[in-house]
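Worksheet: the structure to be examined is printed underneath.
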């Protein structure tokens, strides 16, 4: 299969490629347009007048079993059909109220040429990633049920063995967020003291303290290739704070490489786009903003929340971004067009944590109503509500098996190397490795972690949403949680200035 690109998508002959498909599409669009115009028709509400109007246009005044409301709907339908047949752009009778027109008025803000180019780049980046994700999901759908059950049992058995391996005082004030580096060997912590610290894990020794904020740090996020292929002197980390600044950091300097200003109030969470070229920040000024990393310029100021925006996160493909606000509403935005793709309306308190599942179409939100809601973008509704904690849910994170670990060969007995049975051992090893790779790819997104102000970190299955493990911390409030991509460590940041590390009991650290 050839790689899907922006240009090949535009020239794809399979979409509306036949005359029949074009005609069917035209019929659908015409019907949508007719319904839109029908909503603007002014028809009487009095049933006697409705009957008189139907008689006037030669329609039966009533049908068997028809109620007054149904009769009025039928009148609207008939009038809209007459308009469509005449080709009128304006309905027969229109509401002349200027107030109603003002209520429905939309406004747009003109974007810059840089934003236009960024939207195109985002589309070009996300399309092949989405294509690969869907291809992998098709492969996963063909895994036998028995194999899936075995994988689930093995993965969840490992999750249930997580236990506390240590706690470290991280700062002088509460730890607002913790995030593991892509290589899983460094932990970044943001603190209310205004500092960002980098720690070796699991040794919990300080690597560097980054000072550049004048107020509490609300969020930290790693560049997708930081500690992997990204050079230490380039942008590897981003942080946002109460001083209304978004800082970009390298790994070999204590001072920020760049300070991006524009927000009018404190910044909470920040996120790095999967491409590494863009950064998003959520703020108490009721907006989230998109920044260009290379130029350190603001590309987009996005409104849409009625209260403070607390959480923001990118989808793995890079096409979508989700924001959660203290208005208890979440929104999913299409970065390629700027439109709202979905409204996450269901929580009754502010949203503090939000994350996309690696499958690309499910979203988890944690809120002040003590619940986690799972949303499905395919059906545009909440899929499940988890009564997760007995206080605020501060953070939610899906497990992402981004890195493919090196699989160790199974232990072999001495007689394996005897001449009479050496044949086929290479094939057996290859088969075992293939099974391990298949299991690892299927593991991604199979469970998620949550943290709450009840002092607990909890691990949940991400298919039936059942509790797998409850981990206690040494604090009454857990502010943040994160998982390594090799499934070997979990970290939590707490209000009492500490961060804790957890690992499965059988894994040496």
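Here the Cβ of each residue, glycine as well, is placed from N, Cα and C on the backbone.
TrEMBL does not curate its annotations; it predicts them automatically.
In the predicted model, the domain 'Pre-mRNA processing factor 4 (PRP4)-like' (45-97) shows an average pLDDT of 79. Per TrEMBL, the feature domain 'Pre-mRNA processing factor 4 (PRP4)-like' maps to 45-97.
Per TrEMBL, repeat 'WD' is recorded for 168-209 (among others). Panel annotation: around the repeat 'WD' (168-209), residues 215-228, 237, 239, 241-243, 249, 251, 254, 269, 395, 402-403, 477, 479-486, 488-489, 491-501, 503, 509 of the same chain, lying at least six beyond its termini, place a Cβ under 8 Å from a Cβ of the stretch.
Per TrEMBL, the feature repeat 'WD' maps to 210-259 (among others). Taken through DSSP, the repeat 'WD' (210-259) splits into 0 helix, 20 strand, 30 coil.
Under the heading repeat 'WD', TrEMBL lists 260-301 (among others).
Residues 111, 119, 122-123, 125-127, 129-130, 133, 265, 268-275, 280-290, 349-356, 358, 360, 363, 365, 367-369, 375, 377, 380, 400 of the same chain, all 6+ positions outside the repeat 'WD' (302-343), place their C-beta atoms under 8 angstroms from a C-beta of that stretch. Among the features that TrEMBL reports, repeat 'WD' is placed at 302-343 (among others).
According to TrEMBL, the repeat 'WD' annotation covers 344-385 (among others). Remote same-chain partners of the repeat 'WD' (344-385), defined as residues 6 or more beyond its termini with a Cβ less than 8 Å from a stretch Cβ, comprise 130, 133, 137, 307-308, 310-317, 320, 322-332, 391-398, 400-401, 444-445, 448, 450-452, 460, 462, 465.
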Residues in the repeat 'WD' (168-209) grouped by DSSP into helix, strand and remaining coil: 0 helix, 25 strand, 17 coil
